[in-house]
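Pulled from Swiss-Prot, these are the features on record:
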type	residues	note
BINDING	8-15, 55-59, 118-121	GTP 1 binding site
BINDING	186-193, 233-237, 299-302	GTP 2 binding site
DOMAIN	2-167	domain 'EngA-type G 1'
DOMAIN	180-356	domain 'EngA-type G 2'
DOMAIN	357-437	domain 'KH-like'
Amino acid sequence: MATVLIVGKSNVGKSTLFNKLIGKKKSIVDNKEGVTRDAVSDRVSYFGKSFKLIDTCGIFERPEDIISERLKNLTLNMLSEGDIIIFVVDGKYGLTSEDYHLADLLRKSNSDVILVVNKSENEKKVFVNFDDFYSLGFGEPLFISAEQGKNIDRLIEEVIKRLEKKGLKLEEEEEKDSIIRVALIGRPNAGKSTLFNGILERERALVTPIPGTTRDAIDELVEINGKKYLFIDTAGLRRKSKVEYKSIDMYSNVRSIKSIELSDVVVFVIDSLEGITHQDQKIAGIAENRGKATVVVFNKIDLVKNFKYRKQEFIEHFMERLYFVSYSPVVFVSAQERYGIGKLIKAIKEAYNSLFYRVQTSAVNAVIQRMIMFSPPPRGLKIYYGAQVDVKPPTFLFFTNGKKVPEFYQNNIRKIIRENIYHFTGAPIFLKFKNRH
């Protein structure tokens with residue numbers, strides 16, 4: 001698919017432009033400098049033609065810390081991916097040394113660049129600096145206002161014109177049901193971004209030893225063995241007590257939860273060195289409550305001493321701490337060494353298939369009647385018959401005499417379905433009860 005990158009220094013409005021072009025709020029927008037830490041991507045569709053758009057991190061001329069340095073390198077490495085570069089500068093405050101520095105890098109990369117002057121609400125004021133913008137060497141600039149939507153259509157038309165001139169195919173919208181959407185979730189620094197990069201076989205997400213370096217939910221469409229997967233690397237979910245109201249971390253938490261809601265399968269990444277914490281239990285609960293298939297991944301096994309002899313220990317730890325998602329397949333990986341990636345993909349596909357599996361009504365009732373015979377329901381409760389009524393997640397409806405079905409007996413029903421009808425590996429089973437009368 002044709003790919004377009006948005007680049008520029010921090011705080012020139014790249015994320016606002018990205019959100020305007022894709023037609024929804026996906027990149028985090030804030031007036032603090034350097035808010036975007038990850039390259040966020042989505043599809044832009046315009047009159048039946050579409051291309052991939054990537055919002056890159058702001059580039060600093062002289063990075064002040066390890067994160068800024070890695071951000072700069074990450075963005076520079078991505079320049080070769082872009083068929084077109086949208087170079088955004090600030091029309092309100094004019095050019096700075098950072099703009100000239102980035103322009104020099106873009107010229108050296110031989111990229112096809114569209115110079116966009118954002119924040120051009122006041123045309124007369126912006127036009128005073130026209131010669132400065134033109135001197136960057138990218139031809140006549142396009143003056144826009146991402147905030148107000150000014151000249152956005154002209155920008156898209158220019159992008160499409162250049163892409164078509166290159167002979168690139170502008171794909172139609174993919175059939176959504178043909179793609180398995182996978183969210184990588186877990187606590188900060190559990191290794192989600194390293195795993196994300198390992199699956200893609202290249203660096204796409206920012207990876208540093210500092211917890212919480214992923215702020216946006218970033219995604220990538222890949223094809224593995226003929227099947228398309230959309231992998232989403234979410235920001236690590238933090239405890240509410242550690243997140244300030246209206247802070248960037250709060251927006252990241254909301255975005256991560258939204259990514260879970262939009263996914264089919266949630267890959268729950270656990271740091272093997274730290275084990276499963278109370279916060280991990282809460283994160284897994286979010287996925288289960290939303291009816292998502294789950295795969296549990298113990299990461300960093302290359303750092304665990306004598307792991308070969310301790311695998312059962314980790315499985316028992318999982319069963320004890322995450323008993324409510326015990327139906328999930330467990331995969332041991334080293335994201336750093338790319339060990340276990342193949343097994344993970346296989347587990348994801350199996351969990352996805354479980355979401356859509358349907359069982360015969362006759363099988364459900366035969367098993368339930370046997371259960372009632374050998375393990376009768378609590379006094380006063382009668383269960384007459386049932387059937388599977390939905391998928392994604394698998395949902396069963398049982399007709400009763402109206403008495404409440406205790407949670408322990410609901411768990412027994414789920415267990416008997418998994419053991420005697422179909423395992424539904426990775427998928428939660430939802431139960432509904434209705435008074436027959």
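Glycine residues also receive a Cβ, built from the backbone N, Cα and C atoms like all the rest.
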Tally of DSSP helical, extended and coil residues in the domain 'KH-like' (357-437): 28 helix, 20 strand, 33 coil
Cβ neighbour count (within 10 Å, all chains shown) around Asn189 (GTP 2 binding site): 19
Overall pLDDT for the domain 'KH-like' (357-437), taken as the rounded mean: 94
Rounded Cα separation (Å) that holds between Ile301 (GTP 2 binding site) and Ser120 (GTP 1 binding site): 52
Distance [Cα-Cα, Å, rounded] between Lys14 (GTP 1 binding site) and Lys192 (GTP 2 binding site): 25
Cα proximity to Gly186 (GTP 2 binding site), best match among binding-site residues Asn11, Thr56, Ser120: Thr56
Euclidean distance between Cα atoms of Asn189 (GTP 2 binding site) and Asn11 (GTP 1 binding site), Å: 26
Residue among binding-site residues Gly8, Thr56, Ser120 with Cα closest to the Cα of Asn189 (GTP 2 binding site): Thr56
Rounded Cα-Cα span from Lys192 (GTP 2 binding site) to Thr56 (GTP 1 binding site), Å: 19
Lys192 (GTP 2 binding site) versus Ser120 (GTP 1 binding site) - Cα distance in angstrom: 39
Distance from Lys192 (GTP 2 binding site) back to Gly8 (GTP 1 binding site), taken between C-alpha atoms, in Å: 27
Among Asn11, Thr56, Ser120, which are binding-site residues, the residue with the most C-beta atoms within 10 angstroms of its C-beta: Thr56
